[in-house]
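Taken from TrEMBL as is:
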- 1-28: region 'Disordered' (REGION)
- 49-68: transmembrane segment (TRANSMEM)
- 131-156: transmembrane segment (TRANSMEM)
- 143-263: domain 'Glycosyltransferase RgtA/B/C/D-like' (DOMAIN)
- 168-186: transmembrane segment (TRANSMEM)
- 224-248: transmembrane segment (TRANSMEM)
- 260-281: transmembrane segment (TRANSMEM)
- 338-356: transmembrane segment (TRANSMEM)
- 363-385: transmembrane segment (TRANSMEM)
- 397-417: transmembrane segment (TRANSMEM)
- 438-459: transmembrane segment (TRANSMEM)
- 491-653: domain 'DUF7846' (DOMAIN)
Amino acid sequence: MTVDVSSPETTVPLRLGRRRPTGPGWRPHAPTTDFGDYGWRLWLARIDAPTRAVLLIAVCSFVGSLLLQTGFYREGSGDADEAAYVLQARMLLDGRLTLDSRVVEPFFQPWLTGMHGTEVFTKYLPGWPALLAASQAVFGTMAVAPAAIAACWVIGTYLLTRELFEDGWTAAIAAGLVALSPLVLLHTALPLAYAPCAAVLTLASALLLRGVRTGTRGPLIGGGALVGFALLIRPFDAVLVVGPLVLFAATRMWRTPTILLARAGWGVLGAAPFVGLLLAYCSHVTGSPLRLPQTASDPLDTFGFGPRRILPSEPTFTFTHHLAVQALQETLKAAPSWYFGGFGLIALAVVGLLAPRRRAERLLLASTTAAILIGYFFWWGSAFAMPGLRNGLGPHYHLAGFTPIVILGAAGARWLWSLIPAEQRGRRRARQARPKPLVRATALVLSFAGLTALTVPTLQGRIDVQRGVNSGNAFLDALIPDHLPGPALVVVTPAIPTHYTQLPYHTLRNSADLDGPIVYAADIGPGIAALPDRMPDRTIYRLRPNELVDADVPGSYRGSFVQLHQVQGTSIQIRVTVRPPAAGTAGIPAGGLGAGARLYVRLGDQTQSQRLPAGGASTFVLNGAGSAGSGELSAATLSAPAELVVGFTTGDGAGAASWEERFPLMRHATGDLTLLAPGLGWRRLTGTLASTVANNESQWLAARVEPTLDVALTGSDAR
């Protein structure tokens with residue numbers, strides 16, 4: 001008896017030739033759940049070779065993503081958006097959709113958050129953070145979610161390609177090309193939402209097309225549900241991808257509109273719960289179901305031309321038609337290098353687009369990518385993404401249009417493969433046909449080698465950039481001691497001031513409850529003087545990664561981590577000691593200090609200055625209650641936090657070498673003053689050294705000022 005196990009309709013008798021028992025007392029055996037070795041072999045036999053290959057590729061993609069996440073991308077790519085998604089996932093794990101502004105303001109507001117009433121919300125929707133949270137809850141790590149997305153993308157590509165071209169090997173080739181593409185390898189190793197949305201939409205497209213073709217409700221509902229979930233990740237991408245699908249289905253079934261509407265209804269039914277969830281979420285966090293968090297945080301963060309901005313506290317950026325064209329051109333130039341095979345795959349995609357048969361399917365793929373390109377032509381972020389197009393995150397905004405090009409490339413490769421002479425059937429021609437399998441095998445090996453050769457040269461620049469990111473993260477980790485005595489509160493002072501945590505150092509992250517062993521605070525300027533009162537039980541430190549250890553030495557070591565303390569009282573005594581460098585060094589004239597060398601203390605428009613005394617020490621007084629006397633500054637009229645500046649300069653004018661220490665200061669209604677010490681050190685270099693280090697003779701550099709300038713503050717209440 002011959003059994004065709006490749007047919008899903010085949011029924012294999014387990015006991016051939018035996019009659020079913022009958023008669024009194026006979027009872028059928030209960031069905032067994034033991035699949036058995038024979039059952040597994042039967043199940044595997046039912047799966048064709050392309051499907052088995054794709055399952056293996058999916059497993060490899062899953063494992064590869066985990067390896068990249070635990071190795072090369074262990075702390076991310078350096079993009080600050082990653083911290084925003086991780087924070088939102090942690091909030092969901094804590095049962096939070098928002099943060100209390102009374103808790104996070106003004107020192108702990110995370111980057112990429114907006115405010116509605118007293119609630120702080122993230123700019124992004126909760127779909128992808130929910131998957132990260134689920135991964136953390138089930139597996140104890142968020143790394144499983146991106147790895148699962150890698151496998152999902154491979155499988156979705158296979159199913160979509162097979163649905164469009166009804167050829168298993170074309171689909172397997174497409175899945176393999178996706179898995180090997182540098183852009184996919186990168187984004188499935190990061191907690192960003194671009195890859196999850198692209199993968200989900202790829203799988204959704206496959207299910208919807210199958211459902212429209214067959215009328216089966218399961219794929220229609222499942223595909224609709226995935227589209228709905230994509231709306232909870234990146235809604236604009238979902239709209240751009242689904243639009244061509246709808247047109248394709250309508251074109252195919254325009255003669256049967258009733259059937260089309262019925263099948264569309266099942267898809268809508270699948271998406272409806274997620275659409276409802278989206279509307280409810282927006283209503284809760286922004287106050288309107290039709291207002292997305294992105295635009296609620298800042299109305300200027302939207303599509304179109306004109307003034308654009310990511311948050312109200314950030315600078316405005318003018319997005320013009322010229323920049324949009326430039327961004328599109330740069331994207332098209334850089335994109336091929338992110339595919340496996342580079343321009344070789346693009347050439348195959350052109351062949352796949354022009355190949356005969358299944359014209360509508362090929363046009364669907366091309367129109368999907370075109371819709372993504374056209375849609376993001378109007379997105380101002382595309383202009384900001386230009387510096388990272390080649391060796392950064394790549395064309396990440398256009399990731400939803402990535403898969404169709406790969407599928408066209410696979411279709412082109414498969415069509416070219418069909419042109420190679422195949423082995424002839426029959427005994428007469430067997431001898432003449434023997435060399436032809438060798439021709440195909442050689443073509444296969446050479447094609448793969450060629451695509452690999454086009455891909456490898458593009459990787460080194462990206463590896464170097466990521467190594468730089470990893471080195472920066474390691475440097476940051478080295479500045480913070482591994483073991484601090486008790487709970488710590490760390491003020492993070494970056495080179496460019498910011499009012500947000502996680503910017504620019506996205507690895508320095510707080511828990512949603514601000515209850516971790518280390519809590520990071522943004523250095524908001526003089527107002528930071530009030531920070532210790534918010535968390536009095538924590539020891540406060542300042543982390544300043546860009547501070548020069550010795551500004552007089554080009555290439556000086558950088559970074560400082562110092563403990564801070566409060567100085568309080570109605571009056572503050574300022575003891576200044578200057579130890580000038582040797583003549584001819586650090587901007588000191590060869591003949592020594594001249595008559596212009598002086599000490600000064602400045603608060604707003606008040607300045608107390610004196611020539612450098614013998615011994616280099618002098619004392620000033622800051623009075624918080626009364627008017628200023630001789631050698632005093634008055635803070636009696638101070639109504640907002642300010643900066644107290646204590647300095648030493650070698651002479652008058654911008655060309656003089658100078659040292660300053662700047663202290664955050666605030667005055668309470670009672671007249672008490674509060675400062676944080678030590679202050680921030682700043683240096684202004686002069687002459688050749690200034691042009692070497694700063695490229696600007698008048699530029700102030702974040703630098704250590706001791707031992708040249710030593711400032712000691714003492715409060716009137718001895719605190």
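From the backbone N, Cα and C atoms, a Cβ is placed for every residue, glycine too.
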Q. Cβ under 8 Å to the transmembrane segment (338-356), counting only same-chain residues 6 or more beyond its ends: which ones?
A. 177, 180-183, 362, 365-366, 394-395, 402, 405-413, 415-416, 450-452, 454-455, 458
Q: Find the average pLDDT over the domain 'DUF7846' (491-653) in the predicted model and report it.
A: 88
Q | Recorded stretches the transmembrane segment (224-248) and the transmembrane segment (260-281) touching, at least 3 CB pairs under 8 Å | A | yes
Q: Check the transmembrane segment (131-156) against each of 49-68, 168-186, 363-385, 397-417 and return whichever range has the most CB pairs under 8 Å.
A: 49-68
**Q.** Stretch in 49-68, 168-186, 363-385 most in contact with the transmembrane segment (397-417), if contact is a CB pair under 8 A
**A.** 363-385
Q. What parts of the chain pack near the transmembrane segment (168-186), using Cβ distances under 8 Å and only residues at least 6 beyond its ends?
A. 48-51, 53-54, 57-58, 60-61, 64-65, 68, 73, 77, 150, 153-155, 157-162, 195, 337-341, 345, 393-396, 399, 402-403, 406-407, 409-411, 413-414, 455, 458-459, 462
Q: Would you mind splitting the domain 'Glycosyltransferase RgtA/B/C/D-like' (143-263) into helix, strand and coil residue counts from DSSP?
A: 102 helix, 0 strand, 19 coil
